[in-house]
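Per TrEMBL, the features are as follows:
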ACT_SITE  A:Lys200  active site, proton donor
BINDING   A:Leu7, A:Gly8, A:Tyr9, A:Gly10, A:Thr11, A:Val12, A:Gly13, A:Ser14  NADP(+) binding site
BINDING   A:Lys100  NADPH binding site
BINDING   A:Glu185  L-homoserine binding site
DOMAIN    A:8-124  domain 'Aspartate/homoserine dehydrogenase NAD-binding'
DOMAIN    A:132-310  domain 'Homoserine dehydrogenase catalytic'
2 protein chains.
Amino acid sequence: MINISVLGYGTVGSGVVEVLNTNQDSINKKAGNEINVKYVLDLRDFEGDPIQKKVVHDYSVIVNDPDVQIIVETMGGTNPAYQFVKEALEKGKSVCTSNKELVAKHGAELLQIAREKKVNFLFEASVGGGIPIIRPLNQSLTADEIEEITGILNGTTNYILTKMSTEGSDFETVLKDAQAKGYAERNPEADVEGYDACRKIAILTSLAYGMQVDYEDIYTEGITKITDKDIKYAKALNASIKIFGTSKKSGDKVYAMVAPMMINDKHPLYSVNDVFNGIFVKGNLLGDVMFYGKGAGKLPTASAVVADVVDAAKHLGTNIMTIWSSKKLELASIDEASQKFFVRLEGSKEQNEAKVKEVFGTVTEVKAGFQDEYAFITPEMKEKAFGEAVNKFENMISRIRVAF
Amino acid sequence: MINISVLGYGTVGSGVVEVLNTNQDSINKKAGNEINVKYVLDLRDFEGDPIQKKVVHDYSVIVNDPDVQIIVETMGGTNPAYQFVKEALEKGKSVCTSNKELVAKHGAELLQIAREKKVNFLFEASVGGGIPIIRPLNQSLTADEIEEITGILNGTTNYILTKMSTEGSDFETVLKDAQAKGYAERNPEADVEGYDACRKIAILTSLAYGMQVDYEDIYTEGITKITDKDIKYAKALNASIKIFGTSKKSGDKVYAMVAPMMINDKHPLYSVNDVFNGIFVKGNLLGDVMFYGKGAGKLPTASAVVADVVDAAKHLGTNIMTIWSSKKLELASIDEASQKFFVRLEGSKEQNEAKVKEVFGTVTEVKAGFQDEYAFITPEMKEKAFGEAVNKFENMISRIRVAF
């Protein structure tokens, strides 16, 4: 029997217990051992709930119990998750976590401790919910040099953008609907400002290059400025707007960003809608592979955590090598990244055309039936040059990067 | 240094050497050791090629060399691949193979020997070419009970069906074009009759349920009877025709089949075109996940083999547990599988309508502008009932299963 303990009995933590109960037989068979939940750490008591008899309020009971071999951390945040996880690893317990903040910030250090102690620090659920992406990146795509990772990494914003597109509603209306349905949190900042996607692309990029990518260094732009009019222009182009987390190798440099993108149906992520996530990886020999599934939700996320528990159970006493050193990967400035941009200006075509031609050269006009504005797609140009060019237009309404 | 040997220097075998040479540094870093190709087994000499000095013609040189720790088998077929691989495992060498025939037929036994000898038998490249699917199924989807696996598992037939659809050409014309481009073999039977997809769905189903699925037991239907007229009907329905390998759990039974399917754009595999493969897996808690990429080709397949070599190098002396017992999984008869069917009959609507209504009940007519035939989609019905019903029509031109 392998004893595990779950830290935090919220959505994902209670999901982990539910997954273990529901698929008990097949999970034990695959783990090669019976998995038993010995403790649950939570501030609450859960009176009347069958879990009540396993609840403890004091972490030292868990971390000092030599019978506990695997810790599941589903508290979120870094305090006290970081201290708890570090202590568990140092005491020779494996840890499985869904906590992207913890992994993005302290992944390199925690993996190092796990290596020294011959235990495992696993975090499949921290990116892409139930979609296998961490393990494939670590263990399946190892023959390739990764040239690009681009993902729709946040289900909430993908839901909002999909609804804005299908229903023609504006951002605020759809956000309220998403909050009412439980798809968006009451404080939606982490999702809609792109912070969540930023931590996830930081984790994927760190694993792809084996070095620490600090998420604070990643240019991050959310979807709060996307309007229903922008969506109508996208539709006029048979395109859609998605928020991408991307990292790309360019020569010996890597740059990363989170930003809304206009894509058309030639893009492998075009049909990733609603709360689904999709992650596209380009290897130098393999070409393109894509992973798709539910990027969030109680059971898909808990399923990924439990798959890590099974892996940890199969690897008791052996460290699964994961290359992610604490050496910092200096990201290149996105100034040199190059693409087309969709731009909307106040005023008529006649009022803007000459100046636009002077500044951007030949552009492609986009019409969506709105009066008193002029919209176009620029030629491919560098971020820096675009920034300087667009600064010359005080009448700019919006601009969105274009990937076609 | 870890010495490997490559058996068979054909497309995939030479690709393995190319991948190892191209990404030498990053591969050695991920393997935690230098990977060195010590021997290549082939009947040919490759005079003047740098590989020449590594070529041997006698397998006993390789299998009896205690310095060789990992064998790459890329010969194909089961004779002599099976004997060679078995001997290698028995002598304590890990084996990585791209050989679906070998894996489908002898996977359970070879995994058992690997387990006893504390080595590994890995076969990521046997299904889906460069797409990670074997390892995710074994190691990432372990918390779930698998309810369905459906894949576009053969790039050649997907290419043919895509071209028939985009160019309106008939099967024979497109097959000749595919052969000229090297996408189809001169003897295309294994692909176009569905045998290749059948072996692959047998492997995936064996892994999903941990028991032996004999591919001979899987109902298999190829694409040779699909005509340009069938494709035009599909287009009239905004649908496309794909050849699927499928296994589904229904109660405590599993059934499996390979057959052409009409699908529409609501299906997750709808946009998998050309030589790409896509594999869709449904877990009881996870929901749907999908894996997409190049299912064939020298470098994508070789990349998957080399990823297995890296994994074998990381696990020298430790067996990665894979549950696939030799106990046979008795597949349920597809007689009880239930779906709609597209049917074309000779003769006009007037000539057929009454009898069709009598036999099938209310059907949905499909029009694609062809005279002298009557086409329709049946209500959902069991395979057996459909077979009996359609036997009453000697004027049947074709029938294709429908998944919408």
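Glycine too: its Cβ is placed from the backbone N, Cα and C atoms.
Shown on the structure are the features that TrEMBL records.
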residue  : record                    : contacts (Cβ under 8 Å, 6+ apart)
A:Leu7   : NADP(+) binding site      : A:Gly13, A:Leu41, A:Tyr59, A:Ile62, A:Ile71, A:Val72, A:Glu73, A:Thr74, A:Met75, A:Ala81, A:Phe84
A:Gly8   : NADP(+) binding site      : A:Leu41, A:Asp42, A:Glu73, A:Thr74, A:Met75, A:Gly76
A:Tyr9   : NADP(+) binding site      : A:Val17, A:Val40, A:Leu41, A:Asp42, A:Arg44, A:Phe46, A:Ile51, A:Val55
A:Gly10  : NADP(+) binding site      : A:Thr74, A:Met75, A:Gly76
A:Thr11  : NADP(+) binding site      : A:Lys298, A:Thr301
A:Val12  : NADP(+) binding site      : A:Thr74, A:Ser98, A:Ala125, A:Lys298, A:Thr301, A:Ala302, A:Val305
A:Lys100 : NADPH binding site        : A:Phe123, A:Ser126, A:Val127, A:Asp196, A:Arg199, A:Lys200, A:Ile203
A:Glu185 : L-homoserine binding site : A:Thr156, A:Gln179, A:Asp191
Neighbours of A:Leu7, A:Gly8, A:Tyr9, A:Gly10, A:Thr11, A:Val12, A:Gly13, A:Ser14 excl. site residues, C-beta within 8 Å of centre, NADP(+): A:Val6, A:Gly15, A:Val16, A:Asp42, A:Thr74, A:Met75
Rounded mean pLDDT for the residues that make up the domain 'Homoserine dehydrogenase catalytic' (A:132-310): 95
Proximal but sequence-remote residues of the same chain as A:Ser14 (NADP(+) binding site) (Cβ under 8 Å, at least 6 apart): A:Ile51, A:Lys298
Counts by DSSP class (helix H/G/I, strand E/B, coil) across the domain 'Aspartate/homoserine dehydrogenase NAD-binding' (A:8-124): 58 helix, 21 strand, 38 coil
Reduced DSSP assignment, A:Leu7 (NADP(+) binding site): strand
